[in-house]
Ligand SMILES: [Zn+2]
């Protein structure tokens, strides 16, 4: 087992408190800290911290000995790569409206953009690899998100409550077909509107949202979200599109699985994100980055309804969050206020163990490492029979592995 040092990504939407606090650094941080990446992603891999203080890239170490670190079978299955990327995500502001492709779509899109000669790091590149990117977000704090299309019959209730005369023709479009086809028609209409129309419609929506938020009632939170998005992204089609999505609040420990084609935008809060090791994002707005509407429309899933919220299932002392993704599995454990005896860390391939609270003591054979809040360990396939115990109140652990 090896201690990891993990890169922090300073995107502008990041929190200045969450990751600094986790790492025991001064709060607020001088710059936003949006994500901490734990893994072997080529864009920003974790580094192994050697006992003598030296560092090696986890990506280089894995590439040098994939069978040793992943195990022979898993190395073959995952083509010598760590199949997952673990992140601590801390959002003070909304992230872009986005969806991720299926495996088939990613393979086809990656080959197509290669054939078209678009550089891998070009700003207008959609497919940076040939992999899908299912993801799981598990809340550390109260976590707010827009996830998947709301039942259009309910959305008609919101749109009518907003009472925006400039949108009445659009409301009727959905009312005529309150199902996936109507959602596709209205989303396509909105996302392809000329800027001159958006410059009229978004302020008109803003007026309706002010009134609806002030009135309180069932749609007040949705109205406030529309207001916040319109203030941050005036004239952005994503503000309209966001009206079609489920407004979800997760309590700490609750999680959402985002399958391919699911349109989503994280709004605020801190969470643990675990995903397949891919960068493939198709954006639909609420971002200064590249937006490719036709490609987004190709991958979007217009089925509707509230997204299932996972609370995890007990597995001995651990809570595990099963998903259809084979690339990853998240387990969590919380000591509560008391100290406990040792608990076994499940075996199986390469794993990353992150402490998000308290302090843990990890034992592998005769080797013992302390894992204070914010610290993380890499466990190779050969690190079997690892045990961990809480060495301080409030110890919280997150264990990432593949889902095989
Ligand atoms: Zn996403």
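Backbone N, Cα and C atoms are what each Cβ position is placed from, and that goes for glycine too.
Positions annotated as domain 'Phosphomannose isomerase type I catalytic' by TrEMBL: 4-150. Per TrEMBL, the feature Zn(2+) binding site maps to 98, 100, 135, 264. The feature active site is assigned by TrEMBL to 283.
Structure coloured by features recorded in TrEMBL.
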residue : record              : Cβ neighbours (10 Å)
98      : Zn(2+) binding site : 23
100     : Zn(2+) binding site : 26
135     : Zn(2+) binding site : 24
264     : Zn(2+) binding site : 23
283     : active site         : 22
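DSSP gives residue 100 (Zn(2+) binding site) a coil state; it is part of no helix or strand. Under the three-state DSSP scheme, residue 135 (Zn(2+) binding site) falls in the strand class. Within 8 Å of the centroid of the Cβ atoms of 98, 100, 135, 264, where the record puts Zn(2+), the same chain has further Cβ atoms from 99, 133, 258, 262, 281. Here the domain 'Phosphomannose isomerase type I catalytic' (4-150) is broken down by DSSP into helix, strand and coil counts: 36 helix, 40 strand, 71 coil. Closest by Cα distance to the residue listed as 'active site', from the binding-site residues 98, 100, 135, 264, is 98.
Residues belonging to the domain 'Phosphomannose isomerase type I catalytic' (4-150) score a mean pLDDT of 95 in the model.
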